[in-house]
Amino acid sequence: MASGLEDPILERSFKGHKAAITSADFSPNCKQIATASWDTFLMLWSLKPHARAYRYVGHKDVVTSLQFSPQGNLLASASRDRTVRLWVLDRKGKSSEFKAHTAPVRSVDFSADGQLLVTASEDKSIKVWNMFRQRFLYSLYRHTHWVRCAKFSPDGRLIVSCSEDKTIKIWDTTNKQCINNFSDSVGFANFVDFNPNGTCIASAGSDHAVKIWDIRMNKLLQHYQVHSCGVNCLSFHPLGNSLVTASSDGTVKMLDLIEGRLIYTLQGHTGPVFTVSFSKDGELFTSGGADAQVLIWRTNCIHLHCKDPKRNLKRLHFEAPPHLLDIYPRSPHSHEDRKETIEINPKREVMDLQSSSPPVVDVLSFDSTTMMDSTCRAVPGKGEDICRYFLNPLLMPECSSTTVKKRPEDVSDVPSESLRSVPLAVADALEHIMEQLNILTQTVSILEQRLSLTEDKLRDCLENQQKLFSAVQQKS
């Protein structure tokens, strides 16, 4: 026990994926967990005892990232099949498919109001989408290598991204420009995110490091070298006073950001850990990795330097000056692993762990696909069902009878409906049309990149011409 704090407890584990888990997220009401995997499936787990799990089938390659919408009625997923899907969480399997990236998509993230979605891809671009109209808005180009992750700030005014070009960039969503850049000569960041009040960013590095940057002072505040392999993911506690990290060394670690130290090392996985995520109330966090297990931990950190998060909400803006009451140390702090940290190995210490492989119901994708025209806009008449759920988060599909009888406690989980059959000839024709549209979309994306480069070169030429003209005038 550290500082009068109760140790985290491994409360539950789920097994259902057939391959490594790449991403996990709690629903806003903290009653469900969604996970993504190398097995190309998404799974929706209920924290109720004896409840069914739902497996969503639609992606054709590894699912790399997922996130619940702030309202909790939609789920966004990214995949190595170059697509982004927006799922309605019912048993109809309805989803909208977004096609604009020309390479595997690595991350998805909703803005806090749910109006926008940002995606990052190995095509070196970041794309922003309007969720209300199911429409592509704009791309951000400045990275020179694969973009691993992109996240909105809590107020939605900024986007942070990290890339294998060893840079972390801050983007202004208003003027769509890169306004800040953090470089690292050692390794690249696998994951990056804002702290809850939006004043700092944390990066999980391939160089085994976790770094905290103040984006107002453009300064490295904390540097933790506590893992023995690359750090793959991190998650802030909703209060912002601690974070958990996941690493390829097979451990999950909890850091106290106020005291600037490692407090717990959690050893529940066998093999690399790829994802970790706090619940919205901060009472639980989940981890997943190469062993295909979903572990649920109870934090027991309610009393860990608890501050009222409302006191710092006024300092959400990028230009806001630093404040002495901010939770982070006032000077850069480098941390090495210390002996007094507590190691928790649930295999030895937890005897009453609830390990379950619940019954799994397969939900096949029924595409209300968002078609992309030559300007990457959604074609009218498509994706209307998804828009209905966006407009009214409380709207749920009508249930129809199925051969599976649901117990009373399962009714609130996922409504049910049998899939409609599509004639084979029609399906083949639609698939051919989609392939052609995909080629057109990729062509437009490439042209967009070339246009952006041409504009930059033209701007440089005009600036040089203006300098030459000024120099000639001075001489004459």
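The first residue you see is number 1, and the count goes up from there.
Glycine is treated like the rest: Cβ placed from N, Cα and C.
The shown structure was predicted, so the numbers you read here are calculated from the model rather than taken from an experiment.
According to TrEMBL, the feature repeat 'WD' maps to 14-55, 56-87, 98-139, 140-181, 192-223, 224-265, 266-297.
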Request  = Report yes or no: does the repeat 'WD' (98-139) come within contact of the repeat 'WD' (56-87), defined as 3 or more CB pairs under 8 Å with a sequence separation of 6 or more?
outcome  = yes
Within the same chain, the residues 6 or more beyond the ends of the repeat 'WD' (56-87) and with Cβ under 8 Å of it are 22-29, 34-38, 40-44, 93-99, 101-110, 112-114, 117, 119, 121, 129, 131, 134, 362-365, 367, 370, 386, 389-390, 393, 395
Secondary structure of the repeat 'WD' (14-55) by DSSP, residue by residue, totals 0 helix, 22 strand, 20 coil
Same-chain residues at least 6 beyond the ends of the repeat 'WD' (14-55) with a Cβ under 8 Å from one of its Cβ atoms are 61-68, 70-72, 75, 77, 79, 87, 89, 91, 271-272, 274-281, 283-284, 286-294, 296, 354-363, 409-410, 413-414
Taking DSSP H, G, I as helix and E, B as strand, the repeat 'WD' (140-181) contains 0 helix, 25 strand, 17 coil
Within the same chain, the residues 6 or more beyond the ends of the repeat 'WD' (140-181) and with Cβ under 8 Å of it are 103, 106-107, 109-113, 115-116, 118-122, 124-128, 187-194, 196-198, 201, 203, 213, 215, 218, 316-318, 449, 452
Its residues classified by DSSP, the repeat 'WD' (224-265) shows 0 helix, 24 strand, 18 coil
